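The annotation active site is assigned in Swiss-Prot to His139, Lys160, Arg244 on the grounds of sequence analysis. Residues annotated as ATP binding site in Swiss-Prot, with sequence analysis given as evidence: Gly154, Glu155, Ser156, Gly157, Val158, Gly159, Lys160, Ser161. Per Swiss-Prot, Mg(2+) binding site is recorded for Ser161, Glu203. If you look up Swiss-Prot, you'll see Asp178 marked as active site, proton acceptor. Here Swiss-Prot flags 265-270 as region 'Important for the catalytic mechanism of dephosphorylation'.
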Amino acid sequence: MFYTTVGKIIKELNLECLTEISNIEERKIKDMNLNRPALQLMGFFEYFDEQRVQIIGISEMAYLKTMTKTQRRNAIEKLFQRDIPCVIITSNQEPFDEFLEFSKKYGIPLLRTSEVTTRFMTNLSTFLTHELAPRITRHGTLVNVYGEGVLMLGESGVGKSETALELVKRGHILVADDAVEIRKVSEKTLVGEAPEIIRHLIEIRGIGILDVKNLFGVGCVKDSERIDLVIQLETWKTDKEYERLGLHDQYIEILGIKVPTLVIPVRPGRNLAIIVEVAAMNNRQKKMGYNAAKALTERLQRQMSRNGNE
């Protein structure tokens with residue numbers, strides 16, 4: 001189970017701490033969903049998920065203002081009695097004294113943001129989706145080629161890094177080399193990025209480690225990219241039949257998501273950078289509804305039909 005911490009969302013989203021809680025940096029958040037506790041403030045806790053961050057917006061605060069002091073005190077205490085990660089007040093609203101009191105009493109962090117509720121929840125949800133997404137690390141290289149995220153896989157020494165370097169020279173964007181952290185951010189989307197320690201670095205045998213950002217400029221690197229195509233590079237095997245028409249799409253499954261894949265044989269003299277460029281453009285063209293192999297097949301069928309009629 002992946003998790004992030006309250007301390008991390010404070011730093012990432014620039015939140016204000018309204019109370020001092022000793023374990024705030026280590027307090028875990030394990031659920032990417034958020035909750036606005038309107039029903040809970042009314043006393044209804046059935047199906048209440050304690051692992052969710054609680055958001056107090058203008059509506060919730062307005063409802064609390066309609067209560068008597070005793071009712072409000074009871075409602076707020078019942079919320080803080082639960083083992084929730086934290087409570088966040090939006091729109092820079094002033095909290096009732098009871099929020100501060102029970103935050104300290106039960107050790108629940110009370111935070112505040114100046115952003116309006118909807119915008120803040122969108123930003124927080126995006127951050128939590130990234131942090132809590134299922135993930136794996138694969139040995140490979142990820143490059144943005146004509147807007148397509150291309151993940152190159154293959155055994156060590158097959159030419160992934162050299163191909164990526166040539167692509168960068170041709171104006172494309174490096175995302176990760178050697179190790180790619182892949183996250184499943186939705187049921188249909190995989191996003192890859194480099195581990196922070198090797199971000200923007202590339203290893204070229206015979207030269208060593210290169211800093212692509214410093215060598216080629218910030219326009220040649222990117223922190224993360226959606227994975228649209230997987231290219232598997234392998235040494236050319238004379239006894240193996242490789243795809244020549246492209247009629248049958250192949251897929252590789254990563255974290256339960258099927259991604260289009262191509263197997264590209266490598267041998268001296270082949271310009272892999274151009275092949276990867278064309279593969280990326282062809283994949284994009286297929287997503288737009290045109291398949292050159294199928295168009296050729298249909299053209300041949302029409303020609304054969306005309307010849308038969310003659």
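Heads up, the Cβ atoms here are built off N, Cα and C, so glycines get one too.
Here the features listed in Swiss-Prot are painted onto the structure.
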residue	record	Cβ contacts under 8 Å, 6 or more apart
His139	active site	Leu153, Ser156, Asp178, Ala179, Val180
Gly154	ATP binding site	Gly140, Lys160, Gln232, Leu233, Glu234, Val266
Gly157	ATP binding site	Arg205
Val158	ATP binding site	Leu233, Glu234, Thr235, Val266
Gly159	ATP binding site	Leu233, Val266, Leu272
Ser161	ATP binding site	Thr141, Asp177, Asp178, Ile202, Glu203, Ile204, Arg205
Arg244	active site	none
Starting from the Cβ centroid of Gly154, Glu155, Ser156, Gly157, Val158, Gly159, Lys160, Ser161, the recorded ATP site, name every other residue in that chain with its Cβ within 8 Å, sequence order please.
Leu233
Tell me the coarse DSSP state (helix, strand, coil) of Lys160 (ATP binding site).
helix
Please work out the mean pLDDT for the residues of the region 'Important for the catalytic mechanism of dephosphorylation' (265-270).
82
Let me check the 10 A CB neighbour count of Glu203 (Mg(2+) binding site). How many other CB atoms are there?
15
Residues that sit under 8 angstroms from Glu155 (ATP binding site) by C-beta distance, when 6+ apart in the chain:
Glu234, Thr235
For Glu155 (ATP binding site), which of the three DSSP-derived states applies: helix, strand, or coil?
coil
